Amino acid sequence: MDSATRNPNYSPEVDPQPLPSTNPIHSRPIFSFPKRPALRITTEFDSESTVFFHKISCKFLDSLAKLKFAFHNNSKGEIAEPQISFVSKYLSLHYDLEDHSALVKSSVDVGPKLKLIGTHDVKAQQGEVTMVANLDDPGYALQLSTPLPSIALPKATFKFPQGEISLQEINDHDEDEQVKNSLSVSGTLKGQLLKGLCTAQYKDQEFKLRYRYKDDEMSFLPILSLPSNALSFAFKRRFGPSDKLSYWYNCDSNYWSAVYKHTYGEDFKFKAGYDSEVRLGWASLWVGDEGGKAKTAPMKMKVQFMLQVPQDDIKSSVLMFRVKKRWDI
């Protein structure tokens with residue numbers, strides 16, 4: 001019989017364990033240096049303009065703000081349009097080193113449903129102040145904006161789920177060079193009609209009617225402008241998950257254009273088309289998402305090759321390319 005069975009008060013001997021140190025000096029290094037923020041370098045090149053565009057940026061303050069430096073340089077190495085930017089959620093500053101001009105943008109949440117947005121050009125001494133008030137019902141908002149220095153009443157825009165309406169005072173000059181104030185009305189109204197979306201837009205005394213029908217294989221978009229009675233329409237047909245044909249025609253000018261697109265996975269795209277207005281045929285190949293960023297492309301690099309063939313002078317065909325590369329350091 002073992003000792004635990006003979007003596008109910010028996011407890012085995014346990015080696016003593018060292019107690020954890022409560023002195024904070026021994027729990028962290030004597031000298032601690034802040035972690036260097038990650039640098040993001042992006043370079044773009046366009047063979048048509050033979051100009052490089054460079055951008056260097058980094059985030060700091062736990063990604064609450066970003067510092068960016070951007071500039072162009074040509075084939076001779078000359079630097080042009082250098083700009084420094086500081087961007088955060090509530091304040092951004094863009095400074096042009098050549099023009100010595102600064103653009104300041106700021107936004108302040110006055111309340112849970114009220115926001116103030118301000119923009120100021122320091123060199124031009126001009127700016128704009130906008131107030132946005134979100135109403136209790138979702139999708140409804142009232143926006144007031146005025147330029148600084150103010151020369152007219154603020155522009156008022158009322159937004160609702162079916163569109164928006166804007167009222168703005170405009171200062172015109174008559175034949176006697178006297179200032180004449182007038183009220184300008186613009187707006188957009190949209191709604192469902194015959195399994196499609198109908199949109200009516202009025203701006204600058206021009207009225208546009210759009211109707212868009214779209215399903216999994218086809219989309220159709222006619223556009224009518226009044227009072228010019230200009231009519232155009234766009235048609236798109238999908239032949240599978242990788243092939244799509246787009247066609248656009250203007251009934252007044254008889255100009256038309258067509259584009260065929262074929263995708264190879266997510267990173268390769270081939271497009272070919274023709275534009276009758278400029279009498280130009282073209283074809284392009286994209287490596288990387290055409291509308292995406294370089295960080296999602298293979299090797300963080302996007303490349304586009306484009307061949308342009310003029311109909312009237314085939315011998316003057318041009319092959320161009322664009323490259324965009326990103327480095328994370």
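Here the Cβ of each residue, glycine as well, is placed from N, Cα and C on the backbone.
Keep in mind that this is a model prediction, so the values were computed, not measured.
According to Swiss-Prot:
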type	residues	note
COMPBIAS	1-10	compositional bias 'Polar residues'
REGION	1-29	region 'Disordered'
TOPO_DOM	71-87	topological domain 'Chloroplast intermembrane'
TOPO_DOM	98-113	topological domain 'Cytoplasmic'
TOPO_DOM	122-138	topological domain 'Chloroplast intermembrane'
TOPO_DOM	149-154	topological domain 'Cytoplasmic'
TOPO_DOM	164-205	topological domain 'Chloroplast intermembrane'
TOPO_DOM	237-243	topological domain 'Cytoplasmic'
TOPO_DOM	266-272	topological domain 'Cytoplasmic'
TOPO_DOM	283-302	topological domain 'Chloroplast intermembrane'
TOPO_DOM	313-329	topological domain 'Cytoplasmic'
TRANSIT	1-57	transit peptide
TRANSMEM	61-70	transmembrane segment
TRANSMEM	88-97	transmembrane segment
TRANSMEM	114-121	transmembrane segment
TRANSMEM	139-148	transmembrane segment
TRANSMEM	155-163	transmembrane segment
TRANSMEM	206-214	transmembrane segment
TRANSMEM	217-226	transmembrane segment
TRANSMEM	228-236	transmembrane segment
TRANSMEM	244-253	transmembrane segment
TRANSMEM	256-265	transmembrane segment
TRANSMEM	273-282	transmembrane segment
TRANSMEM	303-312	transmembrane segment
Composition by DSSP (helix, strand, coil) of residues within the topological domain 'Chloroplast intermembrane' (164-205): 0 helix, 33 strand, 9 coil
Sequence-remote partners of the topological domain 'Cytoplasmic' (313-329) [C-beta within less than 8 Å, at least six residues beyond its ends]: 38-48, 288, 293-295, 300-307
Cβ-Cβ under 8 Å with the transmembrane segment (114-121): same-chain residues at least 6 beyond its ends: 101-108, 127-134, 148
Contact ranking winner - 139-148, 206-214, 228-236, 273-282, 303-312 against the transmembrane segment (244-253), Cβ under 8 Å: 228-236
Segment-level pLDDT (mean, integer) for the topological domain 'Cytoplasmic' (313-329): 93
For the transmembrane segment (228-236), sequence-distant contacts whose Cβ falls under 8 Å of one of its Cβ atoms, 6 or more beyond its ends: 206, 218-222, 244-252
Dominant neighbour of the transmembrane segment (273-282) in 61-70, 139-148, 303-312, by Cβ pairs under 8 Å: 303-312
Chain residues outside the transmembrane segment (61-70) and at least six past its termini with a C-beta under 8 angstroms from it: 53-55, 81-89
Counts of helix, strand and coil residues, the topological domain 'Chloroplast intermembrane' (71-87), according to DSSP: 0 helix, 13 strand, 4 coil
